[in-house]
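K.L.:
Below is the structure I would like to discuss, written out as structure tokens.
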Amino acid sequence: MAQSILGSSIYNKAEALAKSPGSISSVFGSKLRGLEFEQTQFGFLNSYKSNMALRPKAVTEGVGLVQEAKENTPMLIKKSTDGTDSFTEMKNRFLSFKKEKYLENLDCYRELAEAQSPKFMVISCADSRVCPSYILGFQPGEAFVVRNIANLVPPFENGPCETNAALEFSVNTLQVENILVTGHSCCGGIRALMSMEDEDNSSFIKNWVVVGKAARSSTKATTSNLSFDQQCKHCEKESINNSLLNLLTYPWVEERVAKGLLSLHGGYYNFVDCTYEKWTLDYQRSSPKHETGGYAIKNREFWS
């Protein structure tokens, strides 16, 4: 029986995903050859924790949370009237990247210049607060990323768009082993979805978020007694599972999932308390063709 994302407090231990060599593909006349990377999979949490600026520390005048390494605190680019200050900071960041990352790992970047062989495709929201590479620690070459409003995946029958073009490339050409659809708290796109009236398509945004109407309908049916904010939070996770089911409407996605060559995962980043929830779609117990769009999940984890 399919289960809902909300209401469960049981989280499984992390499972290591099998490592497989990259394959040789050809796109537009350019060869893509396999490039070996250290298999980090969902182990990004350890490296993420080690880079956090806030850490518990005992002090002589009491025990509490103190801020360490203030120089590592991100400097946000501020708006300016002519854009000069913004691009000055951007220039400094690029030069810092070149000196501290690119030149220090020149061999790796030279290999990446010839080919890519990512193990992940990540479908994330375009929200400026939820950059997946920054949050999950993906390094160059590890993840093929596409971002859109509310991290939605339209079904196959909706026709071509930039999201399923990226999906086709990552699955058929790059042959990624994992697709991660990752959502987040306080999502404006989901709020727009939950706020719209039926057949309301008066803007580009509403025309896009209607892709998640199945998640909206199921949310309203099961959370009618909750506040609007609570309904939106529920739908943020429900829409992720709806997108996972939509992925199975693509024949070449379902074929690789059925053969065990591709796994579909959901993720939810709560930036209010900095926690991350991850789960995997149970293909054998899920069906996008079911009347209710039934889904089941497994390997659920909670990172905090």
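Just so you know, glycine gets a Cβ as well, placed from its N, Cα and C.
Just lifted these from TrEMBL, have a look:
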BINDING   C125, D127, H184, C187  Zn(2+) binding site
K.L.:
Which are the residues of the chain, C125, D127, H184, C187 excluded, whose CB is within 8 A of where the CB atoms of the Zn(2+) site average out, their centroid?
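P.N.:
Near the Zn(2+) site, the remaining chain residues are S124, A126, R129, V130, A150, N151, G183, S185, C186, G188, G189, I190, E236, Y269.
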K.L.:
Tell me the Cβ neighbour count for C125 (Zn(2+) binding site), meaning other Cβ atoms within 10 Å of its Cβ, over all protein chains shown.
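P.N.:
Its Cβ has 25 other Cβ atoms within 10 Å.
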K.L.:
With every protein chain in view, how many other Cβ atoms are within 10 Å of the Cβ of C187 (Zn(2+) binding site)?
P.N.:
24
K.L.:
By a simple count of other Cβ atoms within 10 Å, which of D127, H184, the binding-site residues in the record, is least packed?
P.N.:
D127
